[in-house]
Amino acid sequence: MIDLRLLREDPDTVRASQRARGESESVVDDLLRADEDRRAAVQRFETLRAEQKQLGKQMPRASGDEKTALLQRTKELSAEVKAAEAAAGEAEQRLRRAQMAIPNVVEQGAPAGGEDDYVVLREVGAKPAIDNPRDHLELGEALRAIDMERGAKVSGSRFYFLTGVGALLQLGLFQLALAQAVEYGFTPAITPALVKPESMEGTGFLGAHASEVYRLEADDLFLVGTSEVPLAAYHSDEILQLDSPMRYAGWSSCFRREAGSYGKDTRGIIRVHQFDKVEMFSYCRPEEAHAEHLRLLAWEEEMLAKVEVPYRVIDVAAGDLGSSAARKYDCEAWVPSQGRYREVTSTSNCTTFQGRRLNVRYRDENGKPQTAATLNGTLATTRWLVPILENHQQPDGSVRVPKALQPYVGGRDVLEPRR
RNA sequence: GGAGACUUCGCCUAGUCUGGUCUAUGGCGCCGCACUGCUAAUGCGGUUGGGGUCUUAAAGCCCCUCCCGGGUUCGAAUCCCGGAGUCUCCGCCA
């Protein structure tokens, strides 16, 4: 939900943002009109209401003819007030709908254009020279770490079991992530995976992404696609003390329907219906958000360095941002079997967009409540096992374990295939 | 799953039976001022949030806000209906 004050004072900024995203500018004018309509309707109602209250006050003291006249006028007013109130309510709803239709205003400096118009900010680490690399599934099956076949037998396509060193590696990765987060002052959190519609709505996932989300109809609950959802809703309708950013590291399973991705990444655990993730989430003052965003990115890169995989950082183009984000940086790890980089982290600055929907506020220097900014970023996911296995593979099918993960696989520095 | 109790402006709380003077009481906390060698104590004042209007800004004025949504009424914190949440008890179950 964008800021109506910004819209009124500087509609051209919002129009420019829509252009950068490749989306309609006319919705901006729709919103401006809805805003004016609502204010007019509210004023009509308030004027009538004020008269009604005024006359109501005279009622107990009136008597005789005076009272009869008063009663007659207030009876008329009563109906008028009711109608005006209903009209104002409808105008309010139209405004809300128009406001929901506009995605967040893109941050200055974000590249314009669509999915392929990202800008590579840097490449870090040397790609390993591997002849005929095995892919993560071949390696994972040999290690008895990943079992897709039984995943499909039990739950269907895009499901899997992590077993043995696969399970240990994932748990180790997450503990490493959580330990790093705690070191930097994050509050670790294990979050609900099922949330109410308003939590889903507030984070902006029921708009364009609605078909991606699992819904439990019988209970009117949604399975979250990321712990960003419960963490953003965690402080909804609250006024926070935000002298410095409030940071949470959420650990949860994540569920995605992957509708419309038939045939894409069907092999292995790159694109699955259920995976686990440690997610950083930050509440801060809007003026602090840009700097916080860069800090989240730095923490993601620190984690990638710990697992010793080469990666690049891209500045995602405006058209590929998603409705809540004003700016987004992805880290993409090198995947030798594919000869390309694949997304392993994503950090978004949502500015006050989610905060406004979820009513998360803080008090400024004057003690006035203001809308808080929110940001999120990935610290580790199941998908990370892909570049970890592939980049550290050796010609015999064994896999070296990055030093930071060795304590979690019984101190081993190499994982050997089982026969 | 069944029964009951409760939900008031940060926290606690009065008010609901008997509708208007509720522009919501008091305490705690917090902020300011006074007193005080300092602290404490005391006294005085302030302190829900949202929206609109006016304004460079502030102040002012108006409307909404007593869990949420309907209804009754000239008028609802208060009466009626529906819903949500919390707690207690019973039943069932990991």
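Each Cβ is built from the backbone N, Cα and C atoms, and glycine gets one as well.
Automatic prediction, not curation, is the source of TrEMBL annotations.
In TrEMBL, the annotation coiled coil applies to A:67-101, one of the ranges A:67-101, A:172-206, A:207-241, A:277-311. Of the listed candidates (A:ARG256, A:ARG257, A:ARG356, A:ARG400), TrEMBL assigns A:ARG256 to the same L-serine site as A:THR226, A:SER227, A:GLU228, A:GLU279, A:ASN376, A:THR378. In sequence order, the binding-site residues near A:HIS273 (ATP binding site) (Cα within 10 Å of its Cα) are A:ARG256, drawn from A:SER227, A:ARG256, A:ASN376, A:THR378. Neighbour density at the Cβ, taken as the number of other Cβ atoms within 10 Å, is lowest among the binding-site residues A:GLU228, A:GLU258, A:GLU279 for A:GLU258. Cα of A:ARG256 (L-serine binding site) to Cα of A:PHE275 (ATP binding site): a distance of 9 Å. DSSP assigns A:HIS273 (ATP binding site) to coil in the three-state reduction, placing it in neither a helix nor a strand.
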